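Written below as structure tokens is the structure these notes are about.
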Amino acid sequence: MKNPFVFDFSNLRGDFFGGLTAGIVALPLALAFGAQTALGPMAGLYGAIAIAIVAALFGGTNTQVSGPTAPMTVVSSAIIANALMESGAETVQEALPLILATFFLAGLIEMLFGVIKLGRYIKYIPYPVVSGFMSGIGVIIIITQLFPALGYSASNDAELVASQMPHAEEVILEEIIREEEADGALKGVMDAAVIEETSRRFAEVSQEEIRTRAVRLAGRSASGTVGTLSSIDRPFSTPGGINWLNVFLALSTIAIIYGFKRITDIVPSSLVALIIMTLVAYFFMPGKVPVIGEVQEGLPPFYFDFFGQYFGSGMLLRILEFAFTLAALGAIDSLLTSVVADNITKTKHDPDQELIGQGLGNMAASFIGGLPGAGATMRTVINVKSGGKTRISGMIAGFFLLLVLLGLSGIVSYIPNGVLAGILITVGIGIIDYRGFRHLRAVPRGDAVVMILVLLLTVFVGLLEAVAIGMVLAAVLFMKKTADTVEAGATSTSFFEFSREKPWADEGDLLKRVGDRVFIKRLEGPLFFGFVSGFQAMMQKLPTVEVVIIRMGRVPYIDQSGLYAMEDAIMEMHSRGIAVVFTGMNEQVKDMMERINLIPGLVPYKHVFTTFAEARRWLGERLEEGNLSTVSDDQRNQTPVIGENISEI
């Protein structure tokens with residue numbers, strides 16, 4: 001490991017502007033992610049500060065900008081709900097030690113993933129699993145932001161609160177009985193005296209206490225994906241259930257975010273929307289729409305007491321599942337972004353070191369009450385495009401947010417909830433994998449089933465269950481495909497080695513004739529999800545040539561992951577002016593490429609040959625004309641699409 005406190009100042013100006021721009025982008029998102037959880041918007045800002053600085057300092061991706069992300073926020077919301085239930089707390093503040101203990105444990109587990117070098121294996125998660133999972137996260141965010149966008153609050157729904165009164169009485173009675181059991185009053189026997197004492201205590205509970213509990217229960221009953229969908233009629237059937245001014249703010253925010261991007265991308269559209277709509281609400285709608293309200297100004301508080309309360313206790317095992325889920329998701333989230341950064345910068349990240357940095361960042365965030373996070377795609381890409389090249393840029397993003405916290409935190413209280421809901425809805429829309437859905441009928445049926453199943457499980461069951469079941473199903477399909485190819489006599493291949501290989505018999509003296517202008521890559525065996533992992537390695541080894549001939553005659557099968565990896569590779573070669581030629585592909589492979597328009601969209605039919613002999617003749621004709629490469633300007637300007645739908649994960 002390199003010394004994290006030794007910095008490269010050779011690109012300080014670029015790092016400053018890259019980090020500053022990324023920090024500006026991160027500000028509205030951090031507040032929105034915080035507002036999505038019960039911890040509030042400032043928790044999002046605290047997390048963005050701590051994770052950005054610490055993960056950049058100790059991580060393994062030079063240009064990574066980290067902070068709260070959509071998937072991590074969804075899991076954090078589930079952790080908060082679980083902590084409220086496990087601790088029996090009535091408020092988030094009472095459950096905060098358990099919540100932060102879970103966040104800290106997740107960071108510790110993620111750091112251990114890096115220490116034991118699990119990072120290098122994350123890349124083998126199949127594309128359909130990642131696609132279904134991320135799309136599910138996007139759907140969850142959109143659904144859970146419907147009520148905030150409409151201005152509906154279940155806690156203010158008198159009819160819903162009234163329906164929860166009997167349940168509130170049951171909960172209070174159960175708490176009294178549990179307290180008496182803990183005091184040893186019951187001892188397993190319910191005699192008349194004990195029953196009388198229990199009845200007396202329950203009778204002393206005021207209607208106001210019962211109603212307060214019913215308000216909380218009403219809020220919880222209409223929260224989350226299932227709760228929102230089961231109560232979706234409430235805003236429309238309740239008098240005053242919809243705040244139309246709030247709806248206007250949410251829709252206007254969405255319109256500005258998408259519309260402003262068409263004008264310029266110099267200023268982040270989400271920040272423009274946040275400022276404009278907050279000013280509109282402040283001057284024209286005072287007191288008429290719900291706002292964030294009072295927030296703590298200045299430095300965040302420090303929390304250390306959860307160590308003594310939970311670590312070493314039985315409660316640790318009860319939060320372990322949630323902590324592991326958060327750690328695993330953080331690892332996937334961060335390393336996907338690292339791959340995107342590699343593709344842009346033509347560098348190679350250290351996956352294990354990155355997990356160590358991200359884990360330490362989440363541990364640091366837990367000490368100040370911040371949300372956990374991961375590497376953020378949009379912020380990282382903007383950092384690179386704005387000049388960021390070293391770890392300093394990620395740290396500058398964090399320090400910028402710290403300055404905002406110290407100087408402008410009072411203004412945050414005036415931000416309308418509807419504006420944050422609009423921002424989050426655009427984030428949810430951006431995460432959904434539209435490319436995967438577009439090709440759903442084109443890709444192998446098994447991949448489509450895995451993607452849809454993981455999406456549904458993510459939305460309606462749980463994140464850990466979705467990934468686990470998706471991985472098991474993908475592994476079963478992989479074993480079946482492998483068995484089929486073994487029976488067919490196929491061997492394995494690596495597309496990502498561009499060393500000069502011994503010519504096949506039918507290639508003859510072709511390479512001598514064309515010299516270094518043509519490269520022949522011979523593929524053998526099926527192209528599965530493991531194929532994706534070598535994309536960046538291939539790009540680094542790509543020789544300077546005019547044409548790459550890819551011999552596909554010994555490739556029996558290609559799946560969705562292989563298709564998208566091939567698509568990205570071809571687009572990268574086109575951007576370098578290299579023409580791509582296919583020879584010998586079977587019907588399954590060609591059909592899959594045609595279904596997603598890789599053929600003829602990227603590789604025209606005139607560059608797809610049934611036999612290598614046909615490709616030789618084509619090369620001969622091109623040599624006589626004196627120009628081998630036939631890449632158009634449009635093809636050169638295409639960019640690789642790895643991570644195109646990750647958006648703000």
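Cβ coordinates come from backbone N, Cα and C, glycine included.
Record features (TrEMBL):
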- 16-35: transmembrane segment (TRANSMEM)
- 42-61: transmembrane segment (TRANSMEM)
- 95-115: transmembrane segment (TRANSMEM)
- 127-147: transmembrane segment (TRANSMEM)
- 241-260: transmembrane segment (TRANSMEM)
- 267-285: transmembrane segment (TRANSMEM)
- 315-336: transmembrane segment (TRANSMEM)
- 392-412: transmembrane segment (TRANSMEM)
- 418-437: transmembrane segment (TRANSMEM)
- 449-478: transmembrane segment (TRANSMEM)
- 518-619: domain 'STAS' (DOMAIN)
- 629-640: compositional bias 'Polar residues' (COMPBIAS)
- 629-649: region 'Disordered' (REGION)
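Within its own chain, the transmembrane segment (392-412) has Cβ neighbours under 8 Å at 7-9, 11-12, 14-16, 18-20, 22-24, 26-27, 30-31, 41-42, 45-46, 48-53, 55-57, 59, 63-67, 292, 295-300, 379, 383, counting only residues six or more beyond its boundaries. The transmembrane segment (315-336) shares more Cβ pairs under 8 Å with 95-115 than with any other stretch in the list 42-61, 95-115, 241-260, 267-285. Counted as Cβ pairs under 8 Å, contacts with the transmembrane segment (16-35) are highest for 267-285 among 95-115, 267-285, 418-437, 449-478. Sequence-remote contacts of a segment are chain residues at least 6 beyond its ends whose Cβ falls under 8 Å from one of its Cβ atoms, and for the transmembrane segment (267-285) they are 21, 24-25, 27-29, 31, 245, 249, 252-254, 256-261, 291, 382, 414-416, 418-419, 422-423, 426.
Only residues 6 or more beyond the boundaries of the transmembrane segment (42-61), in the same chain, are considered here, and those with a CB under 8 A from a CB of the stretch are 4-5, 23, 26-27, 29-35, 67-68, 73, 295-296, 300, 334, 337-338, 341-342, 349-358, 360-362, 364-365, 367-375, 380, 391-395, 397-399, 401-402, 404-405, 409, 412. Of the two recorded stretches, the transmembrane segment (241-260) does not lie close to the transmembrane segment (95-115), with fewer than three CB pairs under 8 Å once pairs fewer than 6 apart in sequence are set aside. Per DSSP, the secondary structure of the domain 'STAS' (518-619) breaks down as 49 helix, 24 strand, 29 coil. Within the model, the domain 'STAS' (518-619) shows a mean pLDDT value of 83, rounded to a whole number.
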